[in-house]
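Heads up: the structure comes next, in structure tokens.
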Amino acid sequence: MPEKNQVYTAEITGLTSEGSGVCRIDGMAVFVPQTAVGDICGVKIVKVLKSYAFGKAEEILTPSPDRIEDNCPVYKKCGGCLLRHISYEAECRTKEGIVRDAFERIGGLFPEFDEFIGAESTERYRNKAQYPLAVRDGRAVCGFYAPRSHRVIPVEDCALQPEIFSDILQTVLDYINVKKLSVYSEETNTGIIRHIYLRRGAHSGQIMVCIVVRKDISRQLSALCRLLSEKYSDINSIIMNINPDNTNVILGDRCITLWGSDTISDTMCGNNVEISPLSFYQVNTVQAERLYAKALEYAAPGSSETIADLYCGAGTIGLSMAKQAAKIVGVEIIPQAVENAKENALRNGITNAEFHCGDAGEVFGKLRRQGCKPDIIVVDPPRKGCSSETVDIISEAAPKKIVMISCNPATAARDAKLLSERGYSVDKVCGVDLFPRTGHVECVVLLSRQKS
Ligand SMILES: C[S@@+](CC[C@H](N)C(=O)[O-])C[C@H]1O[C@@H](n2cnc3c(N)ncnc32)[C@H](O)[C@@H]1O
């Protein structure tokens, strides 16, 4: 067993989904952040647990051929990116392995794996940023959290975000500092301004600025609205979101439009869509379009078929399939997203789609009892996956195909396994990189009903 504070020479042989290198020392798995497969390094043991340990790379003795310069001044401190120190090719290889491993090891499933869909653009691809605020030397700053903490690492320009975000951020921060507006503290639950949240339509260029506050300070923000709307012609919506709770959830339920429109518009898979601040919208539009195209290829709906789009957000997936199908039935829990979905159908002249608000399992269960019988079910749940009740309701509906989309291959594999025990074969899986340079990866899964 490795000993704490001892330094061992070891070769990194794997990379975890959290972007940590793994080596074996005295038969034990040791996780070593910021290393690459093939690195031979001096590893100092920092913590030993029952069956694994954590180490720190004291020295890279022989660098891996995958290593590159990380080109970000805050990379080693900020928790956003985890894979900037390896080539993008190595990142895709790693992520493809993470997806495959999840299905084979967690799920005990051996589907066909389609070619991994890497991104063409690995920088400035995000359309959304949520910057927490903090106070440093008496001034408001903002940035991103350090790994596994809520300590703010000030960031002037994040390479994953559109360049204009840094400029807008600085304008908002200067305003906060000049007006001496107070910054929220999670520790004491005092202060007002919690986050600056920016969103930009990748195709439309329209920008939403959302100031997340603990209580209504619309009067103190009126001059900021003037300043922003005069300075940036692409800003078309300025919102104040009120989150009064002592929580680490970023957004509260209440949004007040301070200037411009309540939503921004963008194009997704050829559809013109509106997005509210509270609605989910994939952060990498270009890769989301490729993901949805793969989902459509897997669904391959016939013109007489009904598709249920569960966890549908603003309806983007279902609407991208509407022309090929007879009917789309979407279910989503956030009311503003359901409103967006209905409006998005209208905007695009889509008359064969309906959207319902509530828990996916509960509402879909009710719709089934009322006679809804989809041929295909698309599910795109949050990271934690579907509840087992929802898996049961989906399998009881017995669609001929299920297309599962997930940003968490581990829960996707778990849910696919549950479905495989309920009469479905897991036919195909495709990894899609929506989050280059970070540890996250998306996947899409095709399941089909086995003939009994
Ligand atoms: C990963 S997003 C997918 C959204 C949409 N399919 C898309 O691609 O834009 C997951 C969605 O599930 C919604 N959601 C979370 N829990 C839910 C539940 N229990 N029932 C229905 N929707 C839920 C979230 O609000 C979010 O819109």
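Placed from the backbone N, Cα and C atoms, the Cβ positions cover glycine too.
A TrEMBL annotation is a machine prediction, not a hand-curated record.
The active site, nucleophile annotation in TrEMBL covers Cys407. The Cβ of Cys407 (active site, nucleophile) lies under 8 Å from the Cβ of Pro382, Arg383, Leu434, Phe435, His440, Val441, Glu442, each of these being in the same chain and 6 or more residues away along the sequence.
Under DSSP, Glu332 (S-adenosyl-L-methionine binding site) is assigned to a strand (E or B) in the three-state scheme. Look at TrEMBL and you will find Gln282, Tyr311, Glu332, Asp380 tagged as S-adenosyl-L-methionine binding site.
In the domain 'TRAM' (1-59), helix, strand and coil residues by DSSP number 0 helix, 36 strand, 23 coil. Taken from TrEMBL, the feature domain 'TRAM' applies to 1-59.
All protein chains included, Gln282 (S-adenosyl-L-methionine binding site) registers 23 other Cβ atoms within 10 Å of its own Cβ. Same-chain neighbours of the S-adenosyl-L-methionine site beyond Gln282, Tyr311, Glu332, Asp380, judged by a C-beta within 8 angstroms of the site's C-beta center, are, in sequence order, Phe280, Asp309, Cys312, Gly313, Thr316, Ile317, Pro381, Ile405. Taken together, the residues in the domain 'TRAM' (1-59) have a mean pLDDT of 95 on the 0 to 100 scale.
Fewest Cβ neighbours within 10 Å among the binding-site residues Glu332, Asp380: this applies to Asp380. In this structure the residues listed as binding S-adenosyl-L-methionine are Gln282, Tyr311, Glu332, Asp380; their two most distant Cα atoms lie 15 Å apart.
Neighbour list (Tyr311 (S-adenosyl-L-methionine binding site), Cβ cut-off 8 Å, at least 6 residues apart, same chain): Val331, Glu332, Ile333, Ala360, Val379, Asp380, Pro381, Pro382. Mapped onto three states, the DSSP output places Asp380 (S-adenosyl-L-methionine binding site) in coil.
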